[in-house]
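Trainee: Before we start, here is the structure in question, set down as C-alpha cells.
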Amino acid sequence: MPGWRSQWRLVLLNSLTCGLEICVAAGITYVPPLLLEAGVEEKYMTMVLGIGPVLGLLFIPLIGSASDRCTSSYGRRRPFIWLLSLGVLVALLIIPHADVLAAQFSWGGRTLQVGFLILGVGLLDFCGQVCFTPLEALLSDLYHEEEDCGQAFAMFSFMVSLGGCIGYLLPALNWSGGLLSLYLGGQAECLFSLLILIFVTSVLVTMKVSQEPPRCGGGGGGSVGGGGGGSSPALEPRPRRPGPRVPRSCCYLLRCKLRLLKAGPLLCLLRTCWSMTPTIYRSYCHMPRVMRQLCVAQLCSWMAVMSFMLFYTDFVGEGLYEGVPSAAPGMASRQRYDDG
C-alpha cells in the first residue's frame with residue numbers, strides 16, 4: 001500500500017507537467033493557422049514562433065540561478081512556478097480572443113489584433129518551456145536518494161509524453177459541432193477554454209501536493225520536501241540536513257538591497273543579470289565531451305521535430321484540403337482550410 005500511495009503522489013506531483021505539455025502542444029499546433037488567418041505572412045510566422053525559444057535561451061539560466069537563491073516563505077521553486085503558470089494562463093486567454101481585445105480599441109484594427117496574437121504566442125511558448133525548469137528542480141529537491149530520484153524523473157518523462165499525446169490529439173477533434181462551441185463562440189474558443197480548465201486544475205493539484213518548506217538561504221543542495229503522514233513510503237521526500245556554513249546568498253541579497261537604495265530596482269536587476277551571465281555560460285564550455293555530444297544530438301533532433309510540427313498543420317489545410325488561410329471568413333476556400 002505505501003508503494004501504491006507513493007506512486008499516486010508522484011502522478012499528482014507531475015500533473016502540472018502533463019497539463020503544461022498539453023497546453024503547449026495543443027496551443028503551438030493550433031497557432032500557425034491562426035497567425036496565417038490573421039494576415040501574417042508565412043516567413044514572419046516562423047519568426048513569431050521563434051520569439052519564445054530565443055527568450056528562453058537567454059532567461060532560463062538566469063531564472064534557474066534566481067530560483068536557487070530564492071528565500072521566499074513559499075519555497076524556492078513554487079514562486080517561479082506560480083509566476084510562469086500565470087503567464088501561460090494569460091496567453092491561453094489572449095490567443096483565441098485577440099480579435100475581441102483589438103475591437104475594444106478604436107485604433108489599430110487588424111494590426112492590433114496581430115499584435116495581441118503575437119504577444120499571446122510568445123508568452124505561451126516562453127512561459128510554457130521555461131516552467132519545466134523549476135518543475136524539474138522541484139523534483140530534484142524533493143527526492144534526494146538516487147533510486148527515488150530516478151523513479152520521480154521517470155514519472156516526469158511519462159507525464160510529458162502523455163501530455164504531448166493528448167495535446168496533439170485535441171486540435172484534431174472537431175469542437176465546432178457541439179453546444180459548448182456555440183456558447184463559447186467557435187472552434188478555437190472551445191479548445192482554448194478546455195486547455196484553460198485542464199491547466200488550472202493541474203496547477204492547483206501540483207501546488208497542493210508539493211509542500212515545499214521555506215528556506216533561509218540559497219546555499220548548495222535542494223529544497224526540503226514536505227512530508228505526508230506518519231508512515232514514510234519509499235518515494236516520500238526525505239529531508240536533507242542543513243550544512244554548518246552560512247549561505248553566501250545572504251551577502252548577495254544584502255548587496256542587492258544596497259543597490260536598490262542607491263540606483264533603483266531596474267538598474268539593480270540589470271547589474272545582477274549582467275554579473276551572473278558570464279559565470280553561467282562559462283560552465284557550459286567546461287562540460288564533459290559526452291555531454292556536449294548529447295547536446296548536439298538534442299539540438300539536431302529538436303530542429304527536425306519543430307520544423308515538421310510548425311508546418312504540418314498548415315500543410316494539411318493548404319496542401320491536402322486546398323484551402324486559403326487569407327481568404328475572407330465564409331468563403332469556400334477558407335472553409336476548406338479550416339476543415340483541414
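Heads up, the Cβ atoms here are built off N, Cα and C, so glycines get one too.
Copied straight from TrEMBL:
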TRANSMEM  12-32  transmembrane segment
TRANSMEM  44-67  transmembrane segment
TRANSMEM  79-96  transmembrane segment
TRANSMEM  116-139  transmembrane segment
TRANSMEM  151-170  transmembrane segment
TRANSMEM  182-205  transmembrane segment
REGION    215-245  region 'Disordered'
COMPBIAS  216-231  compositional bias 'Gly residues'
TRANSMEM  294-312  transmembrane segment
Trainee: With an 8 Å cut-off on Cβ pairs and a sequence gap of 6 or more, do the transmembrane segment (116-139) and the transmembrane segment (44-67) reach 3 or more such pairs?
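Mentor: The answer is yes, given that the two segments have at least 3 Cβ pairs within the 8 Å cut-off.
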Trainee: Report, as numbers and ranges, every residue of the chain located at least six residues beyond the transmembrane segment (79-96) whose Cβ falls under 8 Å of a Cβ in that stretch; write 'none' if there are none.
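Mentor: Here the qualifying positions are 16, 20, 23, 27, 31, 34, 63, 66-67, 70, 72, 116-117, 119-121, 123-124, 126-128, 130-131, 134-135, 138, 188-189, 191-193, 195-196, 199-200, 203, 206-207.
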Trainee: Please work out whether the transmembrane segment (182-205) lies in contact with the transmembrane segment (44-67), by counting C-beta pairs under 8 angstroms that are 6 or more apart in sequence and asking whether there are at least 3.
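Mentor: Contact absent: fewer than 3 Cβ pairs fall under 8 Å.
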